[in-house]
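Noted in TrEMBL for the protein shown:
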{"type": "TRANSMEM", "residues": "B:6-25", "note": "transmembrane segment"}
{"type": "TRANSMEM", "residues": "B:32-59", "note": "transmembrane segment"}
{"type": "TRANSMEM", "residues": "B:71-90", "note": "transmembrane segment"}
{"type": "TRANSMEM", "residues": "B:117-138", "note": "transmembrane segment"}
{"type": "TRANSMEM", "residues": "B:158-180", "note": "transmembrane segment"}
{"type": "TRANSMEM", "residues": "B:187-206", "note": "transmembrane segment"}
{"type": "TRANSMEM", "residues": "B:218-236", "note": "transmembrane segment"}
Amino acid sequence: MDFLCFVRSPEKTRKMGPKSSKWIQLLLICFFYSHVSCSSVEQKIYVVVNKTTPCVRLLNATHQIGCQSSISGDTGVLHVLETPDDLDWITETGPHAPYMVLMETPAFTRSTMMRLKNSTRVAGVAVIHTSTPPDKGFSPHTSCPNQNTGVYTQSYGPELANCSTTVWNPLGNGLSYEDFPFPIFSLKDDNETQVIRKCYEDHNMRVNGSAPEYPLCAMQLFSHMHAVTDTVTCMRRTDLQNSFSINPEQLCDPLMDYNVWATIRPINATAKGHKANESMVIAATRLDGRSFFYDVAPSAEGTVSGIVTLLAAAEALRSVTQVAPPPRNIFFAFFQGETFDYIGSSRMVYDMQNNKSVIDFDNVHSFLEIGQVGLWNKQSLWMHSDPVSRRNDTVNEEVSSLVANIKSAASMLNLSLDEPNSTQALPPSSFQRFLRARPIPGVVLADHQSSFVNRYYESLYDTSEYLNVSYPPNLSPEEQLEYETEAAKSLTEVATLVARSLYKQAGGEDGMLKNITADTKTMAKLLYGFLVKSNNSWFRSLLPRDLVSRERNPILESGPPQYYVSLSQSQPKSVTTFVKYILANMTGTATRLNQSQCQNPKDISGESKDLYSYDWVSGPASENHTTGEPFCVRAPVRLAKAESPAFELRQYGSREYSTWTESRWKNIGARIFLVASPQLQMLTLGVGIAVLLVSLVVTYFISSKADILFSSTHDAPSTTY
Amino acid sequence: MTAAVFFGCTFIAFSPAVALFLLTIARDPLRVIFLIAGAFFWLVSLLLSSLVWFISVQISNKDSGSQQKGLLVFGVLLSVLLQELFRFAYYKLLKKANEGLLAISQEETMPISVRQLAYVSGLGFGLMSGAFSVVNILSNSVGPGTVGIHGDSQHYFISSAFMTLAIILLHMFWGVVFFDSCERRRWWSLGTVVCSHLFVSCLTFMNPQYEGSLIPTYMVLCVMAGWAFSCAGGSLRNLRLCLTCRDKDFLLVNHRPR
């Protein structure tokens, strides 16, 4: 019955089998309130906080990270953490333990959180998310991202393993990888937090350092996680349930989604394995990021800068590759789940090694990866390469020629471009997974020479503001979509550089290079869609109409999409979908097929589902039509499953592949209310017991003396019939 | 800790009724049957009044505050009148049933007197109405919170429990007086019962000034208790005899098989 008013919106609540006792209670109450979902008494007691984001539990082969509450939620008396004094009050002196700690994001530091974690007097933490980022930087990620699954190990460049030469993310405090025994929620700073603050000020404020009086304002957080210990345990329990239980309950799900890939010349996507006479230049970037909290991952610099650069480069290459196709093919790859030990790229490599992918390693000529490039500010870009594989002369030659190609493209653009110290390792990148399999020549393009320039790596603050994607005031959404920000202009230059480098690396003629230019307008629209508002007219025109107008789980939002990889539940994540359709627009062509032909083009001459995917997209809305004229786009764009091979191989304790899983949960929620003093509660119980005893005694007395008491000697009617 | 509040409130609201049931009713199957039949009659009256309530809420203007308030008053009045109507219907039914009962009874007299009937059916009414008025509050008292985040009094739970206690006992007394009035055809006292029921129900509009509703309710309860006592054949003399324990010889004189 506690949960009657309290079940969060269905897409966040993953359905589980019924727990009988709770349901019987619920049914009973529902019986009494058949058409009122929430009783007025409940509303008198509880104020539900809706705009919350929890921190959830993730598991890998050896650890669990994240947070959880007990199964019936964790309750604590609210205390606002503002000064070190408050921290002492919470962890040591305050009389009303356990406490629910309310803090603003500047206080959300490693030292504070670890002190709270080590205290037994903390019921949970609610962090109010303020939009001003800390000046000195904040990154809850580790200082050495994907430390154990990159290429550098004891057997491969041991002197470079574990970030021993370069700490890539020196600001990383590792909070995201801690396991907290209490729930931690993020609250949006708005009316709801005002209600919480008011409740705190009215009831819980300390007067002259003395403890406040009951009733006190308290908060309850629900985020019970079903999985525990590690992926091995959780998958074993899940498998056990699947084989023995009639009503199996999944405890955790592997993090997975889809990679997106496309080629400038179509290849047969249904035939797996080696492609004869194909040599590919792979241009890759990653699609995902994360932050401390669930499904909040703006990842502007960390991820989006790479996505938009590669998409704009793909568009810049389209016209030239149709006029003067280069001898080698270019393979655009967007890897999903890279934050969590390279899920997407390791799956691609695994598939290539096992002839399950459309190409294999013999088809790969070279590799160009776009890392974090958003903050280069026209200073300098850096070409990172792997020193270990370059010890081999042939590889070194090819890397040098790739570097020379990029440099010559840059010199045409007056960009300064450099290589870092030749002994420096590769930064965390998908390319590392390819190097694990074979020493492919390749380069990672990034805006940092050694450590990341990004001060908010994998944090809440890595937003559009950080990338300087900001608009003058008084612009309508349509004007903002078209507005060419400084960030758009500078990233367009990077995209042009990438496009020209790829063309040259693919063996294209130098004379054509000057015809390859990325479009600033496109870059502006990409940045707006990926960082500000995905529900814009351009994205709508590129997506199929059923996706645009979908009522349940709409993929277009009034804000930016979130880049957490999450779990693919039958359909790809919104970011994957956007990239797929935008890439189709960038590399494909509009055809004159009608809707049914578009769905099934196999009988039409010149069309082939093996070579292309066909999508019936909405089309741009014209001035007088609110919805556009839909048409069929033919493009060599495909999705490829990005699930870690560990789950296909059922090696849940794998050290080679990503084993990240996300725990399941039933409900996530938060509410505030007052708690009565223990004295008042005991007094109520005492009065109740007294009434019980008195009524037993009096009743016994009356019933035993009933004959005398009720013996009427006067006008009794004839009471018997 | 809040299980304490739950049990405390449950004991306050229901322990007199439960004690009465255990010590005076549970031993006699016929009384149990009449108790349950009384509870059933109360339920039917609730069904009717909730039907009317449901319809009138649907057709009313949900934005108008005064209309909703008026609707609430109307609902309370209607519900009280329906309850009393069903009490009368139950009385009529019992009268009819008595003849049948007498026919199948092997004894000359009825196995249950009309006063006992009045008491048992009144307790049945009270138990059911008490259960319905307090069970949702009890269910919320189990949770960690207490009333008051919107500035309400935090004595909500305990005052609701005491109110329920009074309502259960009042129903019992009203039943006794009501049946007695019907027997004697004293229509004015029948009217008084209905009026006092209306009065007590309207007192709840004083909430959340719980003193304002609880104190008058308990005053009415005392008056009704005295009245019901006298209707049931009690008198001050009996009470005095009883309390001073000089009842031994009195018993011998007035002993009468029940």
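Backbone N, Cα and C atoms are what each Cβ position is placed from, and that goes for glycine too.
Ranking B:6-25, B:32-59, B:117-138 by CB pairs under 8 A with the transmembrane segment (B:158-180) puts B:117-138 at the top.
Here the transmembrane segment (B:187-206) does not lie next to the transmembrane segment (B:32-59) in space: the count of CB pairs under 8 Å, restricted to residues six or more apart, is fewer than 3.
Here the transmembrane segment (B:32-59) has long-range neighbours at 21, 25-26, 71, 74-75, 78-79, 82-83, 85-87, 89-90, 94, 112, 117, 120-125, 127-129, 132, 175, meaning same-chain residues at least 6 beyond its ends whose C-beta is under 8 angstroms from one of its own. A Cβ distance under 8 Å defines the sequence-distant neighbours of the transmembrane segment (B:117-138), meaning residues of its chain 6+ beyond its ends; these are 6, 9-10, 13-14, 17, 20-21, 25, 31, 34-43, 46, 83, 87, 90-91, 94, 156-157, 160-161, 163-165, 167-176, 178-180, 232.
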